[in-house]
Each structure stands twice: as structure tokens, then as C-alpha cells.
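Here's the structure, in C-alpha cells; my notes come after.
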Amino acid sequence: MDNLLYFFYFLPLVCLFFLLYKVIDERRHQCCYILDYQCYKPCDGRKLSTEFCGEIIKRNKNLGLNEYKFLLKAIVSSGIGEETYAPWMVIHGREDNPTHEDAILEMEEFFYDSIDKVLSKTGVSPRDIDVLVLNVSMLSTSPCLASRIVNHYKMRDDIKTYNLTGMGCSASLISINIVQSIFKSRKNVNALVVTSESLTPNWYTGNNRSMILANCLFRSGGCAMLLTNKVALKQKAIFKLKCLVRTHHGAKDEAYGACIQTEDEVRRVGFHLGKNLPKAATRALIDNLKEISPKILPLRELLRFAIRSFVHKLNKGSLKGGAPRPMINFKSGVDHFCIHTGGKAVIDGIGQSLGLSNYDLEPARMTLHRFGNTSASSLWYVLGYMEAKKRFKKGDRVFMISFGAGFKCNSCLWEVLRDLDDGNCWKECNIDSYPPKTLTNPFMEKYGWIQNEDISTFKIPE
């Protein structure tokens with residue numbers, strides 16, 4: 001009788017401990033780890049020097065003196081250097097008539113270089129990949145690009161693939177979010193994320209200023225990364241995802257049309273970057289920060305900001321000239337800032353909004369200078385710069401911010417799991433020479449004479 005009482009006494013406790021263990025075990029397997037990432041560095045034959053950029057511009061017979069002056073101003077103020085990369089069809093002078101094979105070649109050169117490296121470094125076989133997520137916004141093929149990767153690496157028949165298009169420069173964090181969601185429902189999964197953009201079919205050859213601007217900013221690049229939720233691989237991981245927030249302002253017409261693929265007056269397809277883009281980006285950023293701030297910042301900073309904001313509202317009408325608005329200190333919960341390299345104005349704008357120093361903005365500025373805006377993959381080049389500079393120490397927190405057409409702003413926070421100093425694609429870039437003494441673009445020195453030309457007498461130089 002006593003044994004039976006003991007049994008009924010301990011049974012609820014055993015059930016409670018079992019349920020507790022199950023909950024803890026499930027949460028352990030829901031963690032999202034990065035095992036490795038590899039950014040693509042094209043060959044030197046694809047570099048765009050100042051002189052070669054001038055030749056590309058002269059090849060466009062639809063441009064006149066006013067467009068030359070506009071391009072000169074845009075390139076000089078872009079923050080882009082002389083070592084960025086273009087697709088082969090630009091190098092070979094075929095911007096007007098790129099072929100489908102040109103676009104495939106641009107993608108496959110990146111795929112097989114970066115994926116080979118990430119699989120080799122982690123020791124993971126292609127047949128060990130359970131999930132493949134690929135994002136290339138402006139190239140849709142059949143079979144899809146994800147299927148090309150599956151076929152090339154002879155991956156398993158039960159692999160789950162996701163091929164994203166049209167997501168813009170914020171697509172890599174959308175891909176990470178998809179993997180994060182899968183990890184919450186499946187244990188022991190390896191996921192390969194491949195992020196890039198195809199410039200080949202989207203190089204604009206008209207004279208619409210809002211569309212030709214994209215040629216000045218976007219460059220070739222890409223990144224492949226391997227993620228897992230396997231507890232056994234935690235010791236090999238380099239980053240752990242803490243949280244991720246996505247903001248989409250597509251319901252607002254002004255934001256929706258801020259950057260959009262469209263046609264110009266003579267039906268040439270290009271990517272329109274509107275004058276209202278900075279406003280759309282600012283509004284999306286503010287809404288995104290409102291949601292993610294409570295998840296990544298300490299309570300004391302949130303309370304400090306709330307109190308100062310309340311006092312500011314009370315004193316708003318009593319102070320002459322108006323007191324400056326209080327700013328939340330993101331450095332209280334973040335050690336490193338990984339900012340999308342959408343352009344010099346984008347980087348400077350985010351820096352001003354978050355109260356960041358030149359040291360904080362250096363990785364994004366140097367990535368823009370060295371690789372240009374590589375669309376969705378640009379965040380990972382910024383991450384690689386910080387790793388090459390040996391900034392990452394165990395326990396550090398890295399905040400990523402990206403923007404994309406739609407209009408979207410996505411952000412996330414990573415925890416560094418061990419000291420890192422690999423360098424990634426920056427190993428071959430003489431990292432010790434960065435930042436250079438000056439970021440002055442040589443375009444003004446070489447082509448500044450255009451500003452003094454008269455439209456009635458101007459002739460395109462041979």
C-alpha cells in the first residue's frame with residue numbers, strides 16, 4: 001500500500017520533469033547557428049578601374065553632356081573605389097545585348113566558388129544538406145537556380161529548396177528567417193543559404209537618370225553560408241542568431257515605388273531609384289528599430305530613453321529653439337554594426353540615426369569602397385571586414401541592418417561564439433591597408449573637365 005502511495009506521489013513529479021526536459025530539449029534544437037560563410041571575390045579581369053568605367057559610359061550612345069555631368073557627380077559622391085567587379089558581358093562590351101548564358105555564367109562562377117569553399121571548410125558533404133535557400137532578386141530561370149545547385153552537387157532527393165526572387169537587397173535576412181522558422185519545427189538540420197544578385201540582364205543602357213544611377217552603385221558579388229540547429233555542432237559554430245525582425249511598408253504607395261524595376265520612355269528595362277527613397281528608408285528603419293530595440297537593449301537603457309523622451313515632450317514648448325530629441329544608445333546592447341552598403345548616403349544616414357562613430361561605420365564604408373553595393377550579399381562582406389580586422393571576440397553582439405525594394409527593412413542580432421580572425425574574402429585584399437588615407441574618387445581628377453563643357457559645342461571624346 002505504501003509503495004502504491006509513493007508511486008502516485010512521485011508520478012506527477014516525474015511527468016513534470018519529463019515535460020520540462022522536453023521543453024528545454026526542443027528549445028536547444030531550435031537555435032540557429034552559422035558554421036561558416038564565404039563571400040565571393042571575382043577574378044581581377046572583372047575589375048572596374050576609373051579609366052575602364054569611362055569607356056563603359058562612352059559606349060552608351062544614348063547619353064549626352066547633361067547625363068555625363070550627372071554621372072560624374074553620382075560616381076564621385078558614391079563612395080565606390082576602383083576595385084569593384086562587373087559581369088563579363090560589361091567587360092566584353094555587350095551591355096546592349098546580354099544573353100541568357102551570360103546571366104547563368106555570372107551566377108555559376110559565384111555558386112561553385114563560394115559553395116565549394118564553405119563545404120570544404122566545414123567538412124559537410126553536399127548530401128548532408130537538408131535545406132537550400134537561394135535568393136537572387138532579378139533573375140528567374142527554369143529550372144530555378146536552386147535546382148541547378150542541387151543538380152551540380154548531386155544533393156539528396158528529399159532536400160527542401162526555396163528559390164526567392166524580387167526580394168531586393170534585404171533578401172539574405174529573409175532567407176535566414178526562413179531557415180530560422182524551419183529550425184523551430186525540425187531537429188538536426190543543415191541549411192545552405194546562397195545570396196547574390198544578377199547584374200547581367202539588368203544593366204541599364206538608357207539615359208533616365210533615376211535608372212542609370214543603379215549602374216553606378218551595384219556590383220557583382222555573393223555569399224554562401226552554412227547554418228545548423230544541431231547541438232552536436234554548436235562547438236564548431238561561429239555565430240548564434242538571437243533575434244530577427246522584418247518590416248514591410250509595401251502597403252504605402254510612396255514606399256512601394258521608391259525603388260522598382262520598370263521601363264523608361266522607350267521601353268528599356270531598368271531599376272528606378274526615386275528621390276523619395278531616403279524618406280522611405282528612414283520610415284522603415286524607425287518602425288523596425290521600434291520593434292527590435294526591446295529585444296536587444298538592456299532594460300536600463302529602455303527606461304532611460306523613455307524617461308528622457310517623456311521629459312522632452314513636457315518641455316517641448318517651454319524651451320527656446322527647442323531641445324534636441326533624446327537618442328537611444330544602441331551601443332548599450334550592441335558591440336558591432338553591420339550596415340547594408342546601399343550607398344554613402346545610406347551609411348551616413350544610419351550612422352546619424354543610431355549615433356554611430358567613424359569606427360562603427362568603417363566596415364560598411366570600406367566594403368562599399370572595395371566591393372560596391374553587392375545587393376543582398378553586402379552585409380556579409382561587411383561582416384568579413386570586421387572579422388579580418390580581428391574585431392570579433394567571444395560574446396560580442398553584432399547588429400545587422402538591411403533595406404530592400406518593397407519597401408523593406410530587416411534587422412537581426414548575432415552573438416559571436418568564439419574569437420574570429422579568418423578574414424574571408426578580405427584575406428587577399430591587403431586588409432592592413434584599410435582604411436586608406438583618402439577615399440577620394442579619381443573620377444573628378446580625370447573627367448572633371450566635363451563640368452566646364454558647353455552643350456552646344458560638346459563632342460564625345462574618342
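From the backbone N, Cα and C atoms, a Cβ is placed for every residue, glycine too.
Copied from TrEMBL, the annotated features are:
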- 6-24: transmembrane segment (TRANSMEM)
- 26-313: domain 'FAE' (DOMAIN)
- 162-183: transmembrane segment (TRANSMEM)
- CYS169: active site (ACT_SITE)
- HIS248: active site (ACT_SITE)
- 332-415: domain 'Beta-ketoacyl-[acyl-carrier-protein] synthase III C-terminal' (DOMAIN)
- HIS336: active site (ACT_SITE)
- HIS340: active site (ACT_SITE)
- HIS369: active site (ACT_SITE)
- ASN373: active site (ACT_SITE)
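Long-range Cβ proximity for HIS369 (active site), meaning a same-chain Cβ under 8 A and a gap of 6 or more residues, is found for GLY79, ILE80, GLY81, PRO436, LEU439. A distance of 8 Å separates the Cα atom of HIS340 (active site) from that of CYS169 (active site). This prediction places the mean pLDDT of the domain 'Beta-ketoacyl-[acyl-carrier-protein] synthase III C-terminal' (332-415) at 93. Here the candidates are the active-site residues CYS169, HIS248, HIS336, and by Cα distance the one nearest ASN373 (active site) turns out to be CYS169. Residue environment of HIS340 (active site) contains 30 other Cβ atoms, counted within 10 Å of its Cβ in all protein chains.
Helix, strand and coil residue tallies for the domain 'Beta-ketoacyl-[acyl-carrier-protein] synthase III C-terminal' (332-415), in that order: 40 helix, 21 strand, 23 coil [DSSP]. Non-local neighbourhood of CYS169 (active site): SER137, GLU197, HIS340, GLY342, ASN373, SER375, ALA376, SER378, SER402, PHE403, GLY404, ALA405, each in the same chain, at least six residues away, with C-beta under 8 Å from its C-beta.
Taking Cβ pairs closer than 8 Å, the transmembrane segment (162-183) reaches residues 29-32, 131-140, 144-147, 189, 191, 193, 195, 197, 223, 227, 229, 241, 244, 246, 259, 340, 342, 373, 375-380, 400, 402-406, 408-412 in its own chain, all 6 or more past its ends. The Cβ neighbour count for HIS248 (active site), using a 10 Å radius over every protein chain in view, is 18. Once Cβ contacts within 10 Å are tallied over all protein chains shown, the active-site residues HIS336, ASN373 are led by ASN373. Taking the C-alpha positions, the distance from HIS336 (active site) to HIS248 (active site) comes to 25 Å.
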